[in-house]
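Student: The feature L-aspartate binding site is assigned by Swiss-Prot to Glu172, Arg218, His457, Arg498, with sequence analysis given as support. Here Swiss-Prot flags Arg218, Asp219, Glu220, Gln227, Glu491, Gly543, Leu544, Asp545, Arg546 as ATP binding site. Here Swiss-Prot flags 196-199 as region 'Aspartate'. Annotated site 'Important for tRNA non-discrimination' per Swiss-Prot: His30, Gly81, in sequence order.
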Amino acid sequence: MRTNYCGLISEQYLDQTVTVKGWVHRRRDHGGVIFIDLRDREGIVQVVIDPDTPEAFAAADSARNEYVLSITGRVRNRPEGTTNDKMISGKIEILAKEIEVLNAAATPPFQIDDENISENVRLTNRVIDLRRPVMQRNLRLRYQVAMGVRRYLDAQGFIDIETPMLTRSTPEGARDYLVPSRVHPGEFFALPQSPQLFKQLLMVAGFDRYYQITKCFRDEDLRADRQPEFTQIDLETSFLNEDEIMDITEGMAKQVFKDALNVDLGDFPRMPYAEAMFYYGSDKPDMRINLKFTELTDLMKTEEFKVFRGAADMKGGRVVALRVPNGAKFSRKEIDEYTKFVGIYGAKGLAYIKVNDVGNLSNGEDSGLQSPIVKFLSENALKEIIARTGAENGDIIFFGADKAKVVNEAIGALRIKVGLEHGAENGYFTDEWKPLWVVDFPMFEYDEEADRYVAVHHPFTAPKEGHEDLMVSDPANCLARAYDMVLNGWEIGGGSIRIHRADVQEKVFAALKISPEEQQEKFGFLLDNLKFGAPPHGGLAFGLDRLVTLMTGAESIRDVIAFPKTQRAQCLLTNAPNSVDDKQLRELSLRLRQKAAETKEA
């Protein structure tokens, strides 16, 4: 019987006999004495086997990396000069008396302590990958976060209620994963993109405070922070306004960070959406980076420089500057790389001015400003740019000029890139936790492709008080009772006050060009139940995967999920998704127009 975990044996167990079980992390033969580092989920302990115990010595001699062993022995101090203060077990070792080989192991595809393994190799051999200490730590922290959330919400009076995994398809922005019904041929369930409607119905049912930690599914193009199946900390409350909900969930975030990382997050400032977009080009600004946009659209309306003037005069156009302290030292190569980078976001180029001498702001050859564009701008404009940005000698000013969406995304991404690469050494990046709330989101945004307004969050978000009439008369300026929790440039949670009156919900659907017939067909069960005395209610959902990714400092969300999918939505461990046989398809009344092999060949 195991008496101790390997990584938890300390000096308090000196001279005691212990039994540990685990994997051979490393084996060394030192002139007739064998050393084995035995590993389990709690860490590593050093085991010494000498020839005086011949059976144990023979077992140790046959063992190789990743063999599974049971070892019984006496705990003793390590010899002087061989201790490791970074480990709980670093001052002791076990002198083995008995060793049992519980299982042999094939040679693993990579060493457990090898940090230079490609992600494809890791995901194909995920079980071995999960033995690595960093992965063990990540998933243990994930567990701690989930348990901390449960403890906090339980104490706040929330009830854990499960909602269905098989439900109806309702449009929420991304494509649904569909599940064909065998019992109802030609009909489909959908895996939920969120428990949104069910949690609202639980409020109508009178449960007052609900939560669950649940899987959600979205069939969308994947990025570093997205998975087709992801875990959501979902909650909903009745009779609370947005300030009260934000206070509760802010308290939860603070408690979780304190318990898991011993970090005090402090208070969360609140920033209107319009301010976030104006100064940072993003609704999830990374406040560790002290760089802001400077608005120049008005100034460029009277300039002759076509690139800036064209954007300033364009409907929905924008011209901004981004001052980077000490950036004049950027090389031509670095600026070219930044130009390519903003091109990813649709920018056609990246204009810049290096500030060498603020005392000479002419646009002539002797100008204190260095740039190909200086000669195209008036001296008045140059002086105004320097004044507005507060630029000093040695700075560089980057410019964005295009549709506001392109400018915001391109220069916003540049702000992050420059800030992370150069901010620490130049004083405009602080490596700390910077949370905030972004509030006062627009209710709708215009979808040029669909030629109509769509919901920014989802169509069940309530309009800001006094904005109900704007939903139809001026949807572009209608604000929502929505709020996002942002941490270091990541949206880790988003929520809103919901619509609790059927007539208001019908007006929102109408503003989104959803006909009464379509409303009833897709959302009739919601509209019908809102008529039975639905309480005012609202909530929030946290992305558990994103939150843990931030807390661990992992490079990818895939590093905090036990068995994730690739960016092509595949599981390399099990080779899912996979083809199914014709019999299974016939049972589901399905016939494929194109076989999987044909699709891959095409």
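Glycine too: its Cβ is placed from the backbone N, Cα and C atoms.
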Student: In whole Å, how far is Gly81 (site 'Important for tRNA non-discrimination') from Glu220 (ATP binding site) when you measure between their Cα atoms?
Tutor: 56
Student: Nearest to Glu491 (ATP binding site) in three-dimensional space, by Cα, is which of the recorded positions His30, Gly81, Arg218, His457?
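Tutor: Among His30, Gly81, Arg218, His457, His457.
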Student: When neighbour density is defined as the number of other C-beta atoms within 10 angstroms of a residue's C-beta, which of the binding-site residues Glu220, Glu491 has the lowest density?
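Tutor: The binding-site residues Glu220, Glu491 were compared, and Glu220 has the fewest Cβ atoms within 10 Å.
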Student: Taking the Cβ of Arg498 (L-aspartate binding site) as centre, how many other Cβ atoms lie within 10 Å?
Tutor: 23
Student: Which numbers of helix, strand and coil residues does DSSP report for the region 'Aspartate' (196-199)?
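Tutor: So the region 'Aspartate' (196-199) is made up of 4 helix, 0 strand, 0 coil.
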Student: If I restrict to non-local contacts, at least six residues apart, and a C-beta distance under 8 angstroms, what lies near Gly81 (site 'Important for tRNA non-discrimination') in its own chain?
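Tutor: Within the chain, Gly81 (site 'Important for tRNA non-discrimination') has no Cβ neighbours under 8 Å at 6 or more residues' separation.
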Student: By a simple count, how many Cβ atoms lie within 10 Å of the Cβ of His30 (site 'Important for tRNA non-discrimination'), its own Cβ left out?
Tutor: 8
Student: Between Leu544 (ATP binding site) and His457 (L-aspartate binding site), how many Å separate their Cα atoms?
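Tutor: His457 (L-aspartate binding site) has its Cα 19 Å from the Cα of Leu544 (ATP binding site).
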Student: Return only the integer: C-alpha distance in Å from Arg498 (L-aspartate binding site) to Arg546 (ATP binding site).
Tutor: 24
Student: For Arg218 (L-aspartate binding site), what is the tally of other C-beta atoms lying within 10 angstroms of its C-beta?
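Tutor: The Cβ of Arg218 (L-aspartate binding site) has 21 Cβ neighbours within 10 Å.
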Student: Could you give the Cα-Cα distance between His457 (L-aspartate binding site) and His30 (site 'Important for tRNA non-discrimination'), in whole Å?
Tutor: 64
Student: Return the count of C-beta atoms lying within 10 angstroms of the C-beta of Arg546 (ATP binding site), excluding that atom itself.
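Tutor: There are 20 of them.
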